[in-house]
């Protein structure tokens, strides 16, 4: 009886801490066609913390955070059940506007994807589509966002040059700045450093640390050391399920599930 | 035991290398054949036509006398035709492409429409002429006017523009859409601010190439009854008209030999016009195309 309990603990930890949650996810299932990609996810995301999601390739981590801002709907043949509440509102409610959700939930992608425009135009893209036209405000947004993304000093003299002239790491920080420019509450990061060199990775990681004072951050990562370094809470995903979700130091020092232990000690994945 | 017989490999080596060289010569000859034919054609046209090519030629109307014949009415006619064809075919073509790529759900109906658009691009131009004659000239009673000709030409190049625009839109990487949508942009904002700016070089290139096809087309306009001999300029879109290829066709079918030289001069003008349009297309493609 006890061994069974130990090998298959409840997907118990809906939330590792009793704290304000910005997201409440309950019994969330997602299929790509017939492929059951996410299975009964129950997972809260706390406000102003860094939540890391780890797990082997194809376990549904990216799918999960793309569901949080409904970007996953861009994939045709996607089907979902269950609920995701953002600030107490169900994001799948037909009355809930997806554009509004994505305005307060920014996203940074795996591969830096700046627009083929100037650095300035990249940052003001978000404010502009939301109807902010005043040059003076836009200028301030650019400075604040680029400073927020620790890129200002490197690019302040060439704001009107094409963003494609930046290095990969700078492009990724530009994408973070572009995301900050709409002043979101949550930032979703989908393996933001997997295409970057170690030094750029370090800069992005430092950035995440400084951003969590103002933003709730969810970061998907392949890199377990990264999760251990920068996150407050960590969720381990496997085959579309949350195996374990707990405080990061707890997960890495004393995992309750055998599979989590196997994964973080590098026995598979 | 060796499965590969080294001696055999050695024996065959010489033959393989010779064949390799022969094939290269064969393809070179295929290319040269085309170039030589083109060169001969250009040489013949220039030697025949250059003598008749002067300012008078551009400023005169058609005439019974070869020395007085000019291409003025045809050039202006072609320009009028383009003024109708270009906006109509571009607006309808790009609109269709955007709808098919961005809005239409991918089901068997859109696949059916897609297939038919591609097929339309291969329909002989005379068939479009027949359609123009039936619908625009007779049914809508537009007569043998510029508007009827322009609409017919628009139909002719519409499929080409749709296909080229679709290709251009499809070449915009997915991560650009994601970046825009993830910031709360609507579909239209994404299309207008991200997709179209990136696709415009491809769309314009395809559009200009399609228009240069329209400017050289004769058959559909003969079908709808464009004039072959006029001594006035069109006044509005309801006027009768002629265009350069028809004028050239008319000259070449005259019995007097001098008119063949006039025709050659007309061909030079048409070729130069096409060359300019194609150069603009190449320029746009090289200058504005975005690399990701």
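Every residue gets a Cβ built from N, Cα and C, even glycine.
Range with TrEMBL annotation transmembrane segment, chosen from B:73-100, B:185-212, is B:73-100. For the transmembrane segment (B:120-140), the partner stretch with the highest count of Cβ pairs under 8 angstroms, out of B:26-46, B:73-100, B:146-164, B:261-284, is B:146-164.
Residues 264, 267-268, 271 of the same chain, all 6+ positions outside the transmembrane segment (B:26-46), place their C-beta atoms under 8 angstroms from a C-beta of that stretch.
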